Amino acid sequence: MNINIVCIGKLKESYWREAVSEYVKRVSPYAALRICELPESRLPENPSPAQIESALTEEYKSMLPYVSARSAYNVALCVEGEQLDSLQLAKGLDRWGTQGFSTVNFFIGSSFGLSGELKASARLRLSISRLTLPHQLARVVLCEQIYRAYTIINNKRYHK
């Protein structure tokens, strides 16, 4: 299975990069986990709703190569998404592979979220938490949960 975490913006702090790198390494026996960082649209200090919408559309266009991949199961991370526990995520990853999807794309937007087009086209809208998290932390949490899911699928001792 190929898993892409497609995100807007780069991880600037080394501790976030190190945490993500650790989980990418841990997932490697089970799946090819790749982080795909795309540029964030520039916005003024206090953007108008129209400027935000324009930026989200621009970011969506940069994500299109991943969105339109035929063999991909697309998951949009958004606050209004469905909350899954670790076992449900593991079952989902396992099921998506057996349903013929060779790739799972997880989309993480900018601080303004994801475009409506991307959310509408995703097979699943996923919320990591009801808490508000920085996007850098959300990326780390998602990587850890993907690793946890694969340890559940493969009956490893990590998940308790």
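Each residue's number is its place along the chain shown, starting with 1.
Even glycines carry a Cβ here, placed using N, Cα and C.
Values in this document were obtained by computation on a predicted structure and should not be read as measured data.
Per TrEMBL, the S-adenosyl-L-methionine site holds G109, I128, S129, R130, L131, T132, L133; the candidate it also names there, chosen from L64, L77, L87, is L77. Residue density at I128 (S-adenosyl-L-methionine binding site): 19 other Cβ atoms are found within 10 A of its Cβ, drawing on all protein chains shown. Per the record's binding annotation for S-adenosyl-L-methionine, residues L77, G109, I128, S129, R130, L131, T132, L133 show a top Cα-Cα distance of 16 Å. For the binding-site residues shown (S129, T132), fewest C-beta neighbours within 10 angstroms: T132. By neighbour count, meaning other C-beta atoms within 10 Å, the densest spot among the binding-site residues L77, L131, L133 is L77.
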